[in-house]
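Feature annotations, reproduced from TrEMBL:
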| type | residues | note |
| --- | --- | --- |
| REGION | 1-29 | region 'Disordered' |
| REPEAT | 85-118 | repeat 'WD' |
| REPEAT | 119-160 | repeat 'WD' |
| COMPBIAS | 205-230 | compositional bias 'Basic and acidic residues' |
| REGION | 205-231 | region 'Disordered' |
| REGION | 483-522 | region 'Disordered' |
Amino acid sequence: MEVRERQSATGKRLQPTPQSQHRQHRTFSPRDRGSILYARIRKKDRQKFLKNLGITTMNLLLAEDYLLQDYPEHITNTIRSGHSTCVRFNRTGDFLASGRVDGTVVIWDLETMGVARKLRGHFKNITSLSWSRCGRYLLSACQAWKVILWDLQDGSKYREVRFRAPVYGAELHPMHHHQFVAALFEEQPMLVDVTDPVEVRHILPSVEKRSDDGADTPTKEEHAKQDASHRTTAIVYTATGEHLLAGTTKGRLNIIDATTHEIIYSEKIAGGVITTLRLTDSGKELLVNAQDRTIRTFKVPDLTLADLDPDTIQIPLEHKFQDLVNRLSWNHAAFSSTGEYVAASTFNNHELYIWERGHGSLVRMLEGPKEEQGVIEWHPHKPLLAACGLETGRINIWSVTSPQRWSALAPDFVEVEENVEYIEKEDEFDIHPHEEIQKRRLDAEDEDVDVLGDAGAGGDVAPFRMPVLFNLGESDSEEEFVNVGLGTLRRKSPDDQDDGGSVAEKPPAKKTVTQRTRTRKR
């Protein structure tokens, strides 16, 4: 405590008194508070602190205004491996799975925009893709009456199920990857359990049971004929996986109990065939796309209540999205990552529409390549949208680009218009500076060395991370690379032909003519 002496007016020395201390109150932003906490904790706990923090501070500093835009603005990238027909992001948004016309499933690493793995087992067009919650398993369905559950640890077939009809789409259980539901062409949907090598199938209804006990024979035959025309075209699980939401060819929405396999609620919500069903992450909002040129959003009630009465279930209509001027039809629709926006691809048109779900107003029309877009998917955490071109099969990606703020990482960072001569320090570019070696030695002394425990025991289980292939022939597509010389490959340019031909072709072989000289005998 600081002490100072005081003197009276007469010059007599008084007793020393403590000086009053005034605390300076400072306000810290969340980023400053995180930096202070990071500096106070021990070195061995810093990695765990960053993991629990859940954000990448460097990325936020470089592009802080990236979070201000909630929907993409323009096309930023185009990737291709064959002719893609459908795409699907995993739960964390690190990988994008795409299905091709030839039955190949390609998984893209979004960080490098390169092919991480190829899965070959189908022989016809891929119709749907579904990721497991952990990200290790991928379910793919095709028009060849087959569904394959892939184990991405080694890219092998974990389970394979064959049906008696082509598959409209298949969806994995949100909690258990051993269960999935499939909508079949001109057949009743099925709930399949592949826990054992021999799968267990349960046929699901498309219409409610009729009580025709007192009806005559012609009436029963008419009812049976009407019920036979009802087919399920789209089906998804609820957020908990206890119920199923199914759309039919007659525009009806059925809620099916996944345990009893019976319809507990049915209502006609559209005037045409329901082609797409999507739920938000919370499972409280439902997106329905039908062939009546209208996209609808509904509020889904809580179906997990113990005293749930099927007679009191109501699914109120929230908004209708349509183009009243051009009367466009919609190929596919998807929710945004937060559920605040709805995006859709148009039939016989190249534009993508984005609506704000709260008010139902159109906020953006995305321009892209002059081709019709098919299946679209929104990134689970970013304002990023991926769509498949129907003509070329390329995957077009719309996103938001913002200028990087390097001054946030380096306060003395200054942009210069011309080159400036830089004078380096004596040990600036040394391989191992003496100060850094001394600092590492001091930090190592503070760490506790465990000589008795197992290094791999304890702690949280690391999440699954799919191994990425580095072999060019196994990972990248044959259509994307062309041979320009001995041992030299380059990526195909847009001007190149799609048949694998290369612009830089080998020059024609020169004809060598040998002149024969005649020798005369003298």
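Placed from the backbone N, Cα and C atoms, the Cβ positions cover glycine too.
Packing against the repeat 'WD' (119-160) from elsewhere in the chain are residues 85-92, 94-95, 97-107, 166-172, 174-175, 177, 180, 182, 192, 194, 197, 199, 463-464, 466-467: each is 6 or more residues past its ends and has a CB under 8 Å from a CB in it. Broken down by DSSP into helix, strand and coil, the repeat 'WD' (85-118) contains 0 helix, 22 strand, 12 coil. Residue counts for the repeat 'WD' (119-160) under DSSP, helix first, then strand, then coil, are 0 helix, 25 strand, 17 coil.
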